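These notes are about the structure you will find just below.
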Amino acid sequence: MARIPKTLKFVVVIVAVLLPVLAYSATTARQEEVPQQTVAPQQQRHSFKGEECPAGSHRSEHTGACNPCTEGVDYTNASNNEPSCFPCTVCKSDQKHKSSCTMTRDTVCQCKEGTFRNENSPEMCRKCSRCPSGEVQVSNCTSWDDIQCVEEFGANATVETPAAEETMNTSPGTPAPAAEETMNTSPGTPAPAAEETMTTSPGTPAPAAEETMTTSPGTPAPAAEETMITSPGTPASSHYLSCTIVGIIVLIVLLIVFV
């Protein structure tokens with residue numbers, strides 16, 4: 001039986017030792033590349049954070065460009081980064097069209113004559129009311145408010161506004177209505193309280209203003225977004241270098257043993 005040369009044994013041992021080292025090093029290198037690939041989309045997603053598209057347009061999710069809205073179909077009325085424009089409002093059957101929808105303004109609708117809509121009925125137009133018996137109308141019905149009525153005093157009552165003074169025609173022999181009271185304050189009589197004015201004197205703490213987050217020198221700034229990028233000299237790269245050095249040492253030992 002032929003004897004296996006020492007050189008062949010030496011080559012087999014070297015291959016058996018270096019293959020696991022190279023395989024492990026390749027796996028470590030692939031793991032180092034993964035964080036770099038995940039950071040790229042995150043940076044692209046925040047690249048338009050400080051920019052906004054003008055009114056009448058929106059931000060495209062695919063290209064990041066500002067796409068214009070369609071006249072009469074959708075709109076945006078302020079700077080934005082919306083993925084799409086807002087659809088124009090369509091006036092209901094109980095409303096009339098006041099102004100059309102543009103790229104920067106929605107449709108304006110209002111209730112038809114004889115109807116109104118206010119805070120109590122924002123979803124629909126209601127029919128204007130009529131003053132009940134014993135009351136007179138002081139304001140007309142509009143598209144945004146119902147009529148206003150007040151009680152009627154006497155047959156010849158004259159009403160100017162809801163808060164107006166009442167004028168009554170008196171016939172001879174009828175006691176005249178009491179005259180308006182005039183509040184004249186004599187010395188020593190406390191005057192009616194005037195409107196309260198908030199005036200701060202020196203030493204009085206002023207009302208708290210809006211809180212402004214300002215960092216002074218030496219104050220840690222808010223944490224920024226983490227970017228996982230490994231540079232040469234990080235633990236992963238050092239590990240790869242250590243594996244290579246170990247393989248070289250093993251190779252030298254084998255040379256000393258078999259040669």
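Cβ from N, Cα, C; glycine included.
Sequence annotations record features per position, and here Swiss-Prot assigns compositional bias 'Polar residues' to 30-45. The region 'Disordered' annotation in Swiss-Prot covers 30-56, 160-224. Feature annotation from Swiss-Prot assigns disulfide bond to CYS53-CYS66, CYS69-CYS85, CYS88-CYS101, CYS91-CYS109, CYS111-CYS125, CYS128-CYS141, CYS131-CYS149; the stated evidence is sequence analysis. Annotation source Swiss-Prot lists N-linked glycosylation site at ASN77, ASN140, ASN156. Swiss-Prot lists 110-149 with the feature repeat 'TNFR-Cys 3'. For 177-191, the entry in Swiss-Prot reads repeat 'TAPE 2'. The annotation repeat 'TAPE 3' is assigned in Swiss-Prot to 192-206. The GPI-anchor amidated alanine annotation in Swiss-Prot covers ALA236.
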**OP:** Please work out the number of neighbouring Cβ atoms within 10 Å of the Cβ of CYS128 (disulfide bond), leaving out its own Cβ.
**Re:** 16
Original post:
Per DSSP, what is the residue tally for the repeat 'TNFR-Cys 3' (110-149) in helix, strand and coil?
Top reply: 0 helix, 15 strand, 25 coil
**OP:** Whole-number Å only: compute the distance from the Cα of CYS85 (disulfide bond) to the Cα of CYS101 (disulfide bond).
**Re:** 12
Original post:
Just the number: how many Å between the Cα atoms of ASN140 (N-linked glycosylation site) and CYS128 (disulfide bond)?
Top reply: 9
Subject >> C-alpha spacing of CYS125 (disulfide bond) relative to CYS53 (disulfide bond), in angstrom >> reply: 36
**OP:** Fill in the CA-CA distance, CYS69 (disulfide bond) to ASN77 (N-linked glycosylation site), as an integer in Å.
**Re:** 11
Subject >> Average model confidence [pLDDT] within the repeat 'TAPE 2' (177-191) >> reply: 44
Original post:
What is the total of other Cβ atoms whose distance to the Cβ of ASN140 (N-linked glycosylation site) is within 10 Å?
Top reply: 10
Subject >> CB within-chain contacts under 8 A for CYS149 (disulfide bond), separation at least 6 >> reply: CYS131, PRO132, GLU135, VAL136, GLN137, VAL138
